[in-house]
Amino acid sequence: MTQVAKKILVTCALPYANGSIHLGHMLEHIQADVWVRYQRMRGHEVNFICADDAHGTPIMLKAQQLGITPEQMIGEMSQEHQTDFAGFNISYDNYHSTHSDENRELSELIYTRLKENGFIKNRTISQLYDPEKGMFLPDRFVKGTCPKCKSADQYGDNCEVCGATYSPTELIEPKSVVSGATPVMRDSEHFFFDLPSFSEMLQAWTRSGALQEQVANKMQEWFESGLQQWDISRDAPYFGFEIPNAPGKYFYVWLDAPIGYMGSFKNLCDKRGDTTSFDEYWKKDSDAELYHFIGKDIVYFHSLFWPAMLEGSHFRKPTNLFVHGYVTVNGAKMSKSRGTFIKASTWLKHFDADSLRYYYTAKLSSRIDDIDLNLEDFVQRVNADIVNKVVNLASRNAGFINKRFDGVLAAELADPQLYKTFTDAAAVIGEAWESREFGKAIREIMALADVANRYVDEQAPWVVAKQEGRDADLQAICSMGINLFRVLMTYLKPVLPTLSERVEAFLNSELNWDAIEQPLLGHKVNTFKALYNRIDMKQVEALVEASKEEVKAAAAPVTGPLADFPIQETITFDDFAKIDLRVALIENAEFVDGSDKLLRLTLDLGGEKRNVFSGIRSAYPDPQALIGRQTVMVANLAPRKMRFGVSEGMVMAAGPGGKDIFLLSPDDGAKPGQQVK
């Protein structure tokens, strides 16, 4: 029976836009996608959104290292992330970026409302400053010992061991991640969100019964230790949104990151030309449901800061947080050296998406437990469950239906009671999907698969096929097997989208949750084709080896203009003013006898001629092509005596050298002798 349709907005945590998606990320996105696909099958209106978390100093510094702009880097990373998620059939309705107009507007709106309501406080703080790099250090660019649990090598904003959050100034023995220097203290005015003002509201929200027990218990610990005001600003230089009316101050990435959920949904509504849904979903009294799938490492931000920000700015709070644990591989933390730190794109070169989707789903529950991807067990389970139990059920029966009955199924069920047993299981399996007890759902489905295969074994259609006069029995037995297979695949459709498409093509019928009550009778199926191939350990070995090779490649020195040629020490304006740059016309260009590197250039400075030797021969093998071109030269460089003659200046060029040298030229309209300023 179709349920009353609900309006549901589902999000995953926003991947940071400075690295590739790996199998740790995929646990969350697969978990959310399975749940979303089930909700859609039940007829609910679901909007499933995500975005890249695109702000912060790490992105700014990595872009500098690569010699590109932050905007270029996050654009390229967004395309990579979306390709990976599409490869795993994550069915997002929209994938956006926190570096967007929608997110800027919403961040400023929420900040302004919080400020108007008295929840933003200003005060001068002592902040860690890197004396070698000349910059204030963001939280994640300071490491030290956690002030709460005393775990070493923890970041400056939160501890990955105990989950505590704190100010980077509270770290014990802090070090700059950028330079390794010991930071010094400097004063800076910062903006704080008054989280303690929301303590009563947050405690009531915790006691509502919606949150996972483990989350509620952890929040209670935080309440008992006391909530602190939250620093939401960062000093320039910083890649992000500047705070309104506060030049040189930027929103801390964790302020605008969760607002990215709203920004992505706003972007989706605008794409659809929908002017009402955003308010319907986000207004304070909304009856829509809002769920955030997140990892246990970011519970603090989502269970305290985020609902408080929403409450203080008159938006609705999340209906619930669905929190999961970490992924281990072969019983240990993912390791680059062992080849078990596996990128999503690497996985898809060796296995299909459905295999990982199935394995993760079979291990997931509603608890915050870590999931181990045991690669040997993975191979065995995929082969045993998907291939041997489910797909084999279809292949054992389809051949007879195709060959003996032209693909037409029997007009009646051979065992209506058995079929009812399968359809009655929809309530238990549906509840397991609904409550995120995915492992339980898989166990129920595989138990039914065992029953279906026993039925075929007992009926032995391969024996019946050889007995004269039993065509009707053969058709009935095989049709029963295919109908049981259809029910199983309907239950598995949220998990195995690619296989489900192949099955729907074979059955000539859509897998629909409510349609299983009516079996396929007298229905013509299409010719059966292999639905799924077995996997083996050789594929695993190739995957691990490929991951090791990628690590080696990534460990190679970063190249790029800035990496290869770092920016020189800072000079004063007076130093720069000593350099006299002039536009020069190349009046003549010729080879230099006895040199395979130099060209002799005769330059016209608009009334004065200069003779310049330049090491650009490799880049300009035809000197005649330079004649008549304008360039820029250092006009006040002291003449240099060379064995070929005297060089009276230097022309300006870019590039590392050799054939990669590029003479600088002014725009059209510049005249010889004009000063370059």
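From the backbone N, Cα and C atoms, a Cβ is placed for every residue, glycine too.
The Zn(2+) binding site feature in Swiss-Prot is assigned to CYS146, CYS149, CYS159, CYS162. According to Swiss-Prot, the feature ATP binding site maps to LYS336, an assignment based on sequence analysis. Annotation source Swiss-Prot lists domain 'tRNA-binding' at 575-677, citing sequence analysis. Residues or ranges marked as motif ''HIGH' region' by Swiss-Prot: 15-25. Here Swiss-Prot flags 333-337 as motif ''KMSKS' region'.
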Using DSSP, what's the helix, strand and coil tally for the motif ''HIGH' region' (15-25)?
3 helix, 2 strand, 6 coil
Beyond CYS146, CYS149, CYS159, CYS162, what residues of that chain have CB atoms within 8 A of the centre of the Zn(2+) site's CB atoms?
PRO147, LYS148, LYS150, SER151, GLN154, GLU160, VAL161, GLY163, ALA164
How many other Cβ atoms are found within 10 Å of the Cβ atom of CYS146 (Zn(2+) binding site), counting all protein chains shown?
22
List the residues of the same chain that sit at least 6 positions away from CYS162 (Zn(2+) binding site) in sequence and have their Cβ under 8 Å from its Cβ, in sequence order, or write 'none'.
CYS146, LYS148, CYS149, SER151
Specify the count of other C-beta atoms within 10 Å of the C-beta of LYS336 (ATP binding site).
15
Let me spell it out: for each of the binding-site residues (CYS149, CYS159), count the other Cβ atoms within 10 Å of that residue's Cβ, using every protein chain shown. Which one has the most?
CYS159
Using Cα coordinates, what distance in whole Å links the residue listed as 'ATP binding site' and CYS159 (Zn(2+) binding site)?
22
Can you give me the average pLDDT across the domain 'tRNA-binding' (575-677), rounded to a whole number?
90
